[in-house]
Structure formats: C-alpha cells, structure tokens
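Quick look at what TrEMBL annotates:
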- 7-29: transmembrane segment (TRANSMEM)
- 64-84: transmembrane segment (TRANSMEM)
- 96-115: transmembrane segment (TRANSMEM)
- 121-141: transmembrane segment (TRANSMEM)
- 199-208: compositional bias 'Polar residues' (COMPBIAS)
- 264-414: domain 'Oxidoreductase molybdopterin-binding' (DOMAIN)
- 428-514: domain 'Moybdenum cofactor oxidoreductase dimerisation' (DOMAIN)
- 494-516: compositional bias 'Basic and acidic residues' (COMPBIAS)
Amino acid sequence: MDSRDSAAFRWGATAVVWLLGIFAVAPLVGGHPIAVAAQVVIEVAPGPVATVAIETLGGLAQPALMAGIGILAVATAAGIAAFAEGYGTNRRQQRLLVRAVTVVVVVLTAAGFRAAGDGIVWRWTLATAIALAGPALLRVFREGGRPTVGRRRTLRNLGGAAGVAVGGGLAARSIGGTRTGEGPDPGESLDAVAEKRAGTTTPDSGSAATPVADRGAVENRREVENVVVSVADTNADFGYEFTGMPAAVGSADDHYVVDKAVSNPNVDAGRWSLSVRGAVAEPFELDLSALLTHAAARDMTVTTACISNVVGGDLISTAEWRAVPVRALLAEAGVADGAVDVVTRAADGYTEAIPWEVVRDREDVVLAVGMDGRTLPKAHGFPARLLIPGRYGMKSTKWVEAIEVSTGDHEGYWEARGWVEEAVVNTLSSVRAVQRRGDRVAVGGVAYAGRRGIDRVEVSLDGGDSWADAALEDPPSTHAWRRFRLVAESPDSGPKDVVVRATDGEGNRQTREETGPHPGGSTGWHGVTVSL
Ligand SMILES: Nc1nc2c(c(=O)[nH]1)N[C@H]1C(S)=C(S)[C@@H](COP(=O)(O)O)O[C@H]1N2
Ligand SMILES: [Mo]
C-alpha cells in the first residue's frame with residue numbers, strides 16, 4: 001500500500017509512541033504523567049463519583065482510569081489532525097499547529113514527570129527527554145523524507161521511534177531507582193538501622209520459622225464468600241489456629257492496603273525529614289533515624305480497618321508497629337494556645353486532621369516508623385505514618401511529611417468527599433473459618449470494636465434462631481481485634497446458616513441493621529451458609 005497516510009493516523013500513532021516511551025521510562029522517576037493525570041481526575045472527582053467508581057471497579061478503578069486517559073490522548077491527537085485536515089489548513093497553519101501541540105506536550109510531559117518524581121532534576125529531565133525522543137524522531141523522519149510517505153514506510157518509522165523510546169526507557173531503568181541510598185530503606189531491619197547508626201553491622205538473619213502444631217491433614221478446603229470451609233482428619237481439640245483463621249497478629253505481607261493514589265509516593269529517607277510546625281512555639285524537623293531511636297518510641301499491636309470494608313470483608317488487619325506518640329513530638333515543639341486540629345500532610349497530597357484535644361489526651365495516637373521489626377514497607381507509608389487506634393484507617397495518614405498544628409478546623413481528604421469526620425469504628429465481627437473434625441464443627445473468626453474492646457461474641461448455626469457464646473482469645477493488645485471460636489457437636493453434614501454478633505466492652509451489642517460503608521462504615525451481622 002502506498003497511499004498517503006491520513007494525518008489522523010500519523011498523529012494518533014505518534015501519541016502511541018509517546019505513551020510507550022512514558023511507560024518505559026517511568027521507573028526512573030517512580031511514576032509517570034498518565035498516573036499524575038489520573039490522580040488529578042480522582043482528586044477533582046466529586047466524592048460520590050469516586051466512591052461509586054471504587055465500589056464498582058475496586059482495584060481496577062485506577063488502571064481503568066489510566067487506560068481511559070491513554071486512549072483519550074491518542075484520540076485527541078488523531079482528532080486534532082483530522083480537524084486540521086478537514087479545514088484544509090495550509091502548510092504555515094499546519095506548522096503553527098504542530099508547534100503549539102509540541103509545546104503543550106513537552107510542558108505536560110515534563111510537568112508530569114516532575115510531579116511523579118520526588119524532585120531530582122536530572123531524573124525527570126532525562127525521563128522527559130527519552131519519552132519525547134520517539135515522537136521527535138518521527139518528525140525528523142517525516143520532514144527529512146519525501147513529502148508523500150507510504151504507509152509501510154510510516155509503520156517502519158513508527159516502529160523505529162517506538163524502539164528508541166522503549167530502548168531509552170529500559171536503559172534509563174538500569175540507572176536504578178530514585179534513592180540517594182543514604183537514609184534507611186523501606187522494610188529494612190530496625191536492628192540493622194540501629195547498628196548502622198552505631199557504626200556496626202551484622203548480617204540480617206531474618207525471623208526463624210515457628211513450628212506448626214499438628215492440625216491433621218486438611219481435606220476439602222474451599223472458600224465460601226471469604227470464609228474458609230474445611231474438613232480435618234484429626235481428633236485434636238480446636239485452638240484458634242485452624243485452617244482459614246487469621247493470625248492474631250499478622251505481618252506486613254498480609255496486611256491490607258488502601259490508597260487513593262495510582263502509584264505510591266517514593267520517599268527517599270535520605271532526603272526526607274518530618275516537619276513539626278504550625279501553631280507551635282518551636283517548629284523543628286526530625287529525620288527517620290532520630291524517630292526510630294526516639295526516647296518515646298514503643299512497640300504496639302494495632303488493628304486497622306478501612307471505612308469502606310463491607311460486612312465480613314477483609315480490609316482489616318492487625319500488625320505490630322514501632323511508633324512515637326504524636327503528643328511527645330508536639331510537646332517538644334510546644335503547642336500554642338488556640339490550637340484546634342493536628343493536621344497531617346502526606347507526600348501524595350493526602351491530609352487528615354484530628355482534634356488537638358484528642359492528641360493531647362491519648363498516648364496511643366502515634367506516628368509509626370516501623371512494622372514487624374523493620375522500617376515501614378512503601379505500601380504502608382514509608383518512612384512514617386499515623387495510627388489512630390479505634391478510628392477507621394482513613395484517619396491514619398501514610399507517607400507523612402508534616403505534622404501541623406492548626407488554629408482552625410481542617411477538612412481531611414475523605415471528609416471533603418462526604419465521609420464522616422470522626423470515623424470511630426463500628427463494632428464488627430466476622431466469620432473467617434469453619435472446620436469439621438469428626439462430629440464436631442468449629443466456627444472461628446475475629447471481632448473488633450476499637451477502643452471499646454470486645455466482651456462477648458455469639459454464634460448461631462441456625463440463622464439466628466438460637467445463639468451460643470463463643471470462646472474468646474485474649475486480644476493481642478487493647479488496640480487489637482479478638483479472635484473467637486465456637487465448637488459444636490454436629491454429626492449432620494447438611495447446610496448450616498452461620499451468623500455471628502459481638503458485644504463491645506460498653507455492653508452494646510453490634511447492631512443488626514445493615515448499612516453500606518458510606519459514609520460512616522458498614523454495619524450489620526455477618527453470616528454465611530455452609531455444608532460440611
Ligand atoms: N497518604 C495517604 N494516607 C492514607 C491513605 C492514602 O491514600 N494516602 N489511605 C488511607 C486509608 S483509606 C486507609 S484504610 C489506610 C490504609 O492503610 P494501609 O494501606 O497501611 O493498610 O491508609 C490511610 N492513609
Ligand atoms: Mo480506608
């Protein structure tokens with residue numbers, strides 16, 4: 001085919017080359033302009049729209065949005081060209097148009113990489129140059145070549161330009177991540193950090209495996225709506241550890257993750273410091289090593305749950321954190337009279353606020369800097385994140401850069417999108433595992449009521465007609481959930497309509513009324529029908 005390619009085809013194809021280059025070079029700065037654009041869309045989207053998108057698409061909402069933006073970019077390029085051609089623009093006008101579009105694309109690409117990265121000039125500049133190399137080469141080919149360019153030749157040029165963009169991106173990748181390598185890394189052993197600080201090092205041995213008690217061979221393991229149903233070939237008594245039960249204290253690897261952002265911010269601890277400022281007598285900055293070795297640092301086991309968790313859902317986890325009370329940090333700065341909120345500001349633009357009175361009165365409102373004996377993993381907010389036990393996870397700002405005392409009311413990220421401000425957790429209980437051993441069946445799970453604690457859990461095997469008290473494990477801490485287990489004689493393998501309900505430490509039974517997560521967290525009893 002040697003027909004002249006339409007301008008729309010050439011422009012669209014150029015946009016595709018541009019996108020390829022952008023994605024190839026993204027690791028150099030730890031993000032890319034398309035993700036930044038998606039982020040802007042998420043942030044300006046009205047609260048209910050964002051909520052509906054997250055509820056219907058879940059984890060696919062963000063990738064879908066990025067795909068949409070990519071398609072829109074290509075369509076816009078093709079559209080502009082088709083429009084210009086349709087109007088029969090002359091050469092001079094075409095050149096002007098090309099120049100204008102070029103300027104816009106260069107500026108957007110550079111600004112996008114600048115926003116995605118953490119400010120290292122040469123990295124985002126190099127990323128921009130490589131991402132634009134492909135499309136730029138295409139122009140050279142076209143202008144250097146004959147005025148009429150056959151489709152085969154165009155395709156060959158496009159392939160070459162895409163190759164240059166992707167090849168350049170891969171080469172840039174090999175230059176490495178965005179770190180200075182000076183501060184502690186995400187997930188680094190806290191002992192190693194302390195030793196480094198003291199000037200000694202020993203190899204990181206990792207944690208020893210814990211032996212597992214004989215639980216019998218498990219047959220017929222399946223999942224019914226998040227609940228693990230199994231039959232075990234043993235007569236051993238049930239503990240709290242049978243198949244499907246979550247660990248009382250989980251690990252970073254199995255902790256749920258929820259972020260507003262398309263990609264997590266890469267914070268370089270070597271260049272990061274926490275800023276404590278606002279309405280305080282003496283603002284100051286503290287680096288990660290100083291926080292890790294802070295005199296008030298303590299280990300605490302905390303359960304967090306996302307406010308968008310549904311009844312029986314798994315957006316709830318328990319982990320061991322190393323943390324410094326926020327009030328200890330603020331005491332060093334000296335909070336001024338008239339303080340209203342303690343605002344946390346994050347590297348991804350997220351903000352949250354908690355009344356100063358609450359921070360002042362509660363030792364357990366903390367800034368976490370460690371998890372499982374290591375510095376925080378990136379996904380959980382490296383290098384520092386807030387934890388407010390008993391409030392939904394939205395209050396616990398990750399990737400904190402500043403703690404700022406305000407003299408006015410501050411509206412947090414999700415509050416501005418119509419979710420409740422205080423976000424005190426509702427009492428919840430959920431079935432996680434049902435197991436048969438001979439004639440006995442055990443129902444196990446977790447219950448949580450934040451700072452109110454859990455006093456009682458009842459289980460029904462007949463859809464709520466009759467109830468029995470479950471055995472309760474001691475909670476791993478006052479900030480954590482409690483595991484429960486009910487063992488019943490049940491030779492009959494027919495369907496069981498399992499329902500669970502908890503009573504908190506204030507004597508209030510969990511409400512049966514079913515509500516969805518928006519705006520104050522889901523409520524209602526969890527149940528599942530199983531046969532085993
Ligand atoms: N900076 C920042 N902090 C954030 C979020 C976020 O998107 N950005 N998400 C919040 C929400 S909604 C929840 S549920 C918790 C999740 O914490 P995790 O991912 O460590 O479990 O972080 C909170 N902190
Ligand atoms: Mo959340």
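Glycine too: its Cβ is placed from the backbone N, Cα and C atoms.
Automated prediction, rather than curation, is the source of TrEMBL annotations.
As the structure is a computational prediction, the values presented were derived from the model and not from experiment.
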| query | Sequence-remote contacts (6 or more beyond its ends) of the transmembrane segment (121-141), Cβ cut-off under 8 Å? | reply | 10, 14-15, 17-18, 20-22, 24-26, 28-29, 32, 98, 105-106, 109-110, 113-114, 157-158, 160-162, 164-165, 168-169, 172, 178
| field | Same-chain residues at least 6 beyond the ends of the transmembrane segment (64-84) whose Cβ lies under 8 Å from its Cβ atoms | value | 6-12, 14-16, 18-19, 34-35, 37-38, 41-42, 53, 57, 93-94, 97, 101, 262
| task | Mind looking up the mean pLDDT for the domain 'Oxidoreductase molybdopterin-binding' (264-414) in the predicted model? | result | 96
